[in-house]
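Colleague: One structure follows; several queries about it will come next.
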Amino acid sequence: LFFFSGLTATEKKLAEYKCNTNEAIQLKLVRFPEDLEDENTTFNPEYSHQVFGDDEVAFGYKGLKILLYYIAGNLSTLFRIEYTSRVNEKFDCVEADDVESKIREIIPPGFCTNTDDFVSLLEKEVNFKPFGMLLHTYSIHNEEAGEDITYQIYKADMTCPGFREYHERLQTFLMWFIETASFIDVDDERWNYFLVFEKYNKDGATLFATVGYMTVYNYYVYPDKTRPRVSQMLILPPFQGEGHGAQLLETVHRYYMSSPTVLDITAEDPSENYVKLRDFVLVKLCQDLVCFSPVKLMQGFSQEMVTEAQQKLKINKQHTRRVYEILRLRATNMGDAEQSRSYRLDVKRRLIGPYKKKQRELAKMRRCLRPEEMTNQLNQIDLNLQREQLEESFQQLVSDYRRVLERLAQA
């Protein structure tokens, strides 16, 4: 008995040495020395499972802090681990997780481990300039600062001096903010990199801070075209919700639109948020095309739309169809029974495609497996379920489309 009660006491004690790594990891983008002490400049990861396992826990420490501070522009890194106490192999008979080597696996070598070295690097930040070719400049009004802040988007590649090392530091953020992130093979020359920077003032000089970036891979399409595919896109948390994603995606689209060898632009395994962003950007680009005039929208989806969107804006057929549905929703008076019914049928006809295919496959299977009367009954059950699912999908789409239109109205 004594042994068991002793065990739970030990277990209790050891449970106190578990830390949630999403809370323990503290990230910062540092512009001024005082940012180091300012808690308002700290942000945490959304994910740490790729480094610390599915439960996102580090064992063996109390009050664990994993500090990963980056200089705002060139992303030189300070990495330090702090804790109030740690389990001891001699007394506790267990070993603490080797947190340091787990972090070292994803951050490139050459980081600082003490604050003084980091601050002296911060003084050299005035020499940092963005990499590559300037594509676009825009400004956003900042309520807090009471002024317009200027941002710039650049296209870079591995031939830019210092860019390879900078990119190694930049991509470490993917691990914390993209659920299934992986590092890319930078020696493959078909990658393009698009970077967003903020211009800010420090002691009368103009400096640049990293805001976010996108990587795009250029796939070859026989015989002489390419199909750029967006692979990763990240706007760093301090800048999220300000419209930088839309600026970046539109700039990248415009960059490829001007190239005669580009067929169309796609994305690899896009997240829900990315799809919403893309809907907004593509509708914004397409709304003034002749083929999307209200009269033509009411006549239904056409080959003319597919051709014009692809030739002028490098948008593929599937995305063009979504753009059509969003713009047709805007042109439709949903209070009018006839217009509303016509719109609903049009969208549902597209949505039902996969169901119909499934239905045919099921019917084929059942002809081999079951007596005739049973097939009909099952089909009936299937149809009712299908109607419900279809209606649900339709309602969800319309509410997503309305959000795009609201954002467009404010743009």
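Yeah, the Cβs are placed from backbone N, Cα and C, and that goes for glycine too.
Relevant sequence annotations retrieved from TrEMBL are reproduced here:
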DOMAIN    17-179  domain 'Histone acetyl transferase HAT1 N-terminal'
SITE      Trp191  site 'Interaction with histone H4 N-terminus'
ACT_SITE  Glu268  active site, proton donor/acceptor
DOMAIN    278-329  domain 'Histone acetyltransferase type B catalytic subunit C-terminal'
Colleague: How many Å separate the Cα atoms of Trp191 (site 'Interaction with histone H4 N-terminus') and the residue listed as 'active site, proton donor/acceptor'?
Modeller: 14
Colleague: Measuring CB to CB from the residue listed as 'active site, proton donor/acceptor', give everything in the same chain under 8 Å that is also at least six residues away in sequence.
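Modeller: The answer is Tyr217, Arg229, Val230, Ser231.
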Colleague: At a 10 Å cut-off from the C-beta of Trp191 (site 'Interaction with histone H4 N-terminus'), count the other C-beta atoms across all protein chains.
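Modeller: There are 17 such Cβ atoms around Trp191 (site 'Interaction with histone H4 N-terminus').
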Colleague: With DSSP as the reference, give the number of residues of the domain 'Histone acetyltransferase type B catalytic subunit C-terminal' (278-329) in helix, strand and coil.
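Modeller: Summed over the domain 'Histone acetyltransferase type B catalytic subunit C-terminal' (278-329), the classes give 41 helix, 0 strand, 11 coil.
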Colleague: Restricting to the domain 'Histone acetyl transferase HAT1 N-terminal' (17-179), report the mean pLDDT as a whole number.
Modeller: 94
